[in-house]
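Q: I am attaching a structure below and will ask some questions about it afterwards.
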Amino acid sequence: MVGLVGGGGWRVGDDAAGGGGGGAVAAGAAAAAEAEHMRRLHSHAPGEHQCSSALVKHIKAPVHLVWSLVRSFDQPQRYKPFVSRCVVRGGDLEIGSVREVNVKTGLPATTSTERLELLDDDEHILSVKFVGGDHRLRNYSSIVTVHPESIDGRPGTLVIESFVVDVPDGNTKDETCYFVEAVIKCNLTSLAEVSERLAVQSPTSPLEQ
């Protein structure tokens, strides 16, 4: 399920592939859809001293529930376990808004200043760039997209999160990607848990997206 990139390519895993012939066909179609989403929406151009990577997550909850969490630029702690507090400067939520995030103990940082680059409710795209903080993730930029899909005949959601970031002095590209991917993987796992809990509390029909 984790994708690792050393210089600009992609390796994306599928954690919802089924077994048997029908499962293989479905998995192939899902992989093709993921590749198209990445080509269209997740194009990064990492420099010589940067790394880029992408992760995917299949969530058993309808896209509107998942997107309601992902789009919460002012409340990332709704699903991100390492965020303890978030304040948006000025209070208004719009492109260019900046948030001050406090990070829980356990990560090599306590604060992060982040700017909203894109929030598209039609295409379900969120893009954020780190512009300050006491971390080492310089020029970090991420894109998160969510896409409706069917999982076991029920409304599900494919989430893709990609990023590009400078490689800190003293670290390799693989080390940098491994660290960032570990954090994103925790976030996506939590996103799935929260979304699926909300889906149980607010059941939808099989055709609702």
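Cβ coordinates come from backbone N, Cα and C, glycine included.
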Q: With Swiss-Prot as the source, which of 35-39, 60-64, 105-109, 185-189 is set down as motif 'Gate loop'?
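A: From Swiss-Prot, the annotated motif 'Gate loop' range turns out to be 105-109.
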Q: Given the binding-site residues Glu114, Leu137, Asn139, Ser141, which one's Cα is the least distant from that of Pro108 (site 'Involved in interactions with PP2Cs')?
A: Leu137
Q: Nearest of the binding-site residues to Val180 (site 'Involved in ABA binding') by CA-CA distance, picking from Thr110, Leu137, Ser141, Glu161?
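A: Considering only the listed binding-site residues, the nearest one is Leu137.
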Q: What's the CA to CA span in angstrom from Lys80 (abscisate binding site) over to Thr172 (site 'Involved in interactions with PP2Cs')?
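A: Per the Cα atoms, Lys80 (abscisate binding site) and Thr172 (site 'Involved in interactions with PP2Cs') stand 26 Å apart.
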Q: Between Leu137 (abscisate binding site) and Pro81 (site 'Involved in ABA binding'), how many Å separate their Cα atoms?
A: 18
Q: How long is the line from the C-alpha of Thr110 (abscisate binding site) to the C-alpha of Pro81 (site 'Involved in ABA binding'), rounded to the nearest angstrom?
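A: One finds 14 Å between the Cα atoms of these residues.
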